[in-house]
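What Swiss-Prot says about this one:
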type	residues	note
DOMAIN	1-438	domain 'UvrD-like helicase ATP-binding'
REGION	1-766	region 'DNA-binding and helicase activity, interacts with RecC'
BINDING	A21, S22, A23, G24, T25, G26, K27, T28	ATP binding site
BINDING	H854, D940, D953	Mg(2+) binding site
ACT_SITE	D953	active site, for nuclease activity
Amino acid sequence: MSSFDIFSPTTSVSGKFFLEASAGTGKTFTIEQVILRSLLEGNVEQTKNILVVTFTNAATNELKLRIQESLKQALTLFSQALSHPETPLPPYVSSQETKVKQLYXKXRNSLATLDEMNIFTIHGLCRFTLEQHFPWVQPIHPSSMFSEPQTIQQYILDYLRQNSWENVLSPKQYAFLSYHHRATTQQTRHLADRLLQDYASTPNLALPPLSITLQKVKNWSSQYKHLSPLSLEELQDFSLRFKQSDLPIDRELPDFVKQFETDPNSLDILFFPGMVQKFQEENRNKKKLGPPFSPLDPFLKDWLLIAQPFCQKEPIFHTLLKSVQQHLKTYCAQSYSHDESIATLESLLAQNDHVVSQLRKQFQLVLIDEFQDTDKRQWKIFSKLFASPDYSGSLFLIGDPKQSIYEWRNADLPTYLQAKNSFPKESQLILDTNYRSTPQLMQALNHLFSLPSPFLETPQTILYHPLQSKGSASTSYSEFRPIHFFTTQDSQEEALWISKTASYLRSTFAIPFGNMAVLVQDYPQALKLITHSTIPMAYCKEKRIFDRTESPYLLILLLEALLYPENQQKIQAILLSRFFHLSATDIHQHLKIFSSLFFMLNTYLHQYSLLATFYKLMGETVFSQTIGETLLQTPLGDIIFQELEELCLYLDKTTENPHHKLFHLINILDTGKYDEELSFSSQSNDDNVLKITTVHSSKGLEYDVVFCSSLNKVKEKSPSVHMREMYVACTRAKKFLFIPFSSIEKRLQSNKKVSALANYANITQHDNIPHLVETLTASHPEFFSSGTQPPESNISIFSEPLPEQEFFSLPILSSQPIYSFSSTTESQYFTEPFQEISSSSLFPGGSLTGTLIHKLLESLSGNFNASLEEITHKAQTLLKNTILEGFESIISEKIYTAFSTKLPFVSGSFALKDVHPYNIRVEETFLLQENGELWQGIVDLFFEHNNRFFIIDWKTSFLGDEPSLYSPDKLLLYIQRQGLDKQGVLYKRAAKKFLHQFNSSLQIEMAFVFIRGIDDKGNGFLQPSP
């Protein structure tokens, strides 16, 4: 392959080129200069006509900054040349004054419009193209006000509100699912929340289409129509052959018989969860066999085959999830996973030549970086768009097959070679000058990697091309040669050898520890070396914040406590964590104090940032020491503290809304989608700390001294992978490369696990590693050396006290009392307290009665179309052993009346049973600031119906047994005397404040419903004036 010299006047940057860039050859610099030359020479009209595809988001940001710096330098150079014509310019630039003025104007315009340059990851390019050229994939552009998970949530809510589920679920299935995902108890989560959490999951349990299930039902009913009419008594007797189940079937059996008689071909015949559970074969009671055969046996067995999956919560949910995913793919391009976005774009481009033509015209220069990590599908997109003869612009594919070590990311070397072979030989170029390593080390590396011939076989051959060196680094090789092998028997001996040698290099050559690195295969290997090291070492592998400690989960607990300080269980959860490290006894004794702290922090969070609130919390004193001190004293406490800082800062930059911070963090944990920003490195920039990192994490980095411990670690990998990882590891070094090996001679066995060094010895036809080392040091003593003992340093092991921690304080926000209608005294706020009548002939009065009925109403939320029998059953369960035991029937009748009676709201009358279960929220807590006072309240019932929002406050007050005592005028007098009119105003304001973040025009109506007096004549209902 021909050499590519970006500064040569004879080198063209116009055309299609395949550029191989070995380690240390200035690949990123070359990309910058190709872009600069293309702009200056007029091959590209504007920066918006340039497309660069890189591997990571971090790389896109770094590249844009480097391009910006190159343009600034060019601008400065041309400015100097205009003032001082003798200023030397790049060889490809004319020194004519007119030409220099033109170049100055081009560089200035390019710098001003740099933000228009298109620098993407492959997935970013796919999303950009889908949004720009396929609007039907994403008809609504995502609002900048919402993050990606918030946008997806809105699409899920639209799907549910539009009843799109009707295409895949029966009404009973959906009601069943909604009931089990009510946001009313700690054990359940809202259906929309779970759909958002799992929207990227694979719905493996999804049921077949309803049409197929319906056909199975019809076949079943036709097969057993001779059993009609079905005997309820026989079915009840047959059920005795089975053990008692958790779900009662007493009410299901009559309904099943009726359904079989009236409409056996309906899907409703399947939805009897109690029968499905009861008639499982494993529940058969062997002691009650009954007659040897019953026609109901095959009848119910065949029914179970259809009904069992139809009634199970997870298959129903997966069916809904699959439909939601299709909805998101149709209407929200953001919901595509990375692989799906690539597949979608590939498919759409294959059918849209017009879009292909537009993209070719838009991009006059295309550079694909890290091409060795490209897979077949990505290459098909690039090939169709830019490698085609119909593309008239310039294309650079830039990569190095020797550094393709990311096979788990679908990196595909055969695709790389196929793409390379599609270019003519004269367009296959190479960067053949190394700017990283010393000339001596470069020569040693050339020899080391020229021995395997070919370098790789995959099955095509890949050759190693020796590089010349123009590295600025220089050193003396008296004690060691550029590549030095040292013997070691275990991790302890290896760590001591590295410690002594690193100390010697620092004292002799003034190389800081911070410019040295130990490369390992994995964290366990790093941990062993750190444990036995006698000098400071730090593990520097890039990791997600979510991979190492529980800090994200701690932050979720903290955010929940900060956002909902009225919820004692959320407060207790954070108090039990390592933040506070308190016992249950301590929490119980001081819960009020801690609740007051979190109410104060809640206000602090809304006035300041999450990071500021975190620091405020860390400075609070609990039992003689600060919370921060308590955290730092726990295992990994210092790491957790750092990670929490990073997370708080990230969430503060993501959104200002505290609730959205919690939502965003939960979504990251659920979906695994995170920004590059959350790749957290424990790396220290301290020059007095030697770095330890993995080979994969070291790619793209360089160090003066490299200890390749990874080459001595036995791993089960293919010879090709071993070879590529060895190349990446060795080419990180600028001056010295040290490779450990075991001196025990063992004949290599290629069919077993081996180290990368043993694999190399095998490929180069050596008996074992000692034989390899002996051959290299004997044949080329100027490049290779070996030894057993480390050199002695002239100075003692470095030791320096840690710097004293600096702290800063934030202003202390004074606490403020929080009022509620249940905690304020009547005499303080209301001059004429209303005396409630205490004697009732229906059921007892008092606050305990109100609490119990509210609990009953809460348990029935989302099920307002429940029958009287269902309500009574629930009441009997909840009111057992309470003061209301024995009054279940009358209370159930009152509640049933409240659910089924049309409520005369101003906007129109309707019954609660007509409200869709999904649109109902109960026991919603709020905190509202009103005239400088903080008011806390709980909304009994908040729901949406016919595109309007409503609040209902249940009242169990006893005003008498006569219905007329609950007329609107009597109720108005009651709520005015009790101050409940102010309660209604505050509840509406709190709801409006919540809804305002979505739509400021939404209207809310609020009403009081008196359980004792509600009827169809208008009694028991009061809607206060606006």
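Even glycines carry a Cβ here, placed using N, Cα and C.
Positions of Swiss-Prot features highlighted on the structure.
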residue : record              : Cβ within 10 Å
A21     : ATP binding site    : 24
S22     : ATP binding site    : 23
A23     : ATP binding site    : 21
T25     : ATP binding site    : 23
G26     : ATP binding site    : 17
K27     : ATP binding site    : 20
T28     : ATP binding site    : 17
H854    : Mg(2+) binding site : 18
D940    : Mg(2+) binding site : 20
D953    : Mg(2+) binding site : 21
Residues flanking the ATP site, with Cβ no more than 8 Å from the Cβ centroid of A21, S22, A23, G24, T25, G26, K27, T28 and excluding those residues themselves: T30, D400, L431, N434, Y435, R436
Residue among binding-site residues H854, D940, D953 with Cα closest to the Cα of T28 (ATP binding site): D940
DSSP state at K27 (ATP binding site), helix/strand/coil: helix
Check: same-chain CB within 8 A of Mg(2+) site center, minus H854, D940, D953: L857, I938, V939, L941, I952, W954, K955
Candidates H854, D940, D953 (binding-site residues) - the one closest to T25 (ATP binding site) by CA: D940
Collapsed DSSP category at D953 (Mg(2+) binding site): strand
For H854 (Mg(2+) binding site), the three-state class that DSSP assigns: helix
Alpha-carbon distance [D953 (Mg(2+) binding site); K27 (ATP binding site)] in Å: 68
Cβ neighbour count (within 10 Å, all chains shown) around G24 (ATP binding site): 22
Nearest-integer angstrom distance between the alpha carbons (Cα) of H854 (Mg(2+) binding site) and G24 (ATP binding site): 72
Three-state secondary structure, S22 (ATP binding site) (per DSSP): coil
A23 (ATP binding site) to D940 (Mg(2+) binding site) - Cα separation in whole Å: 66
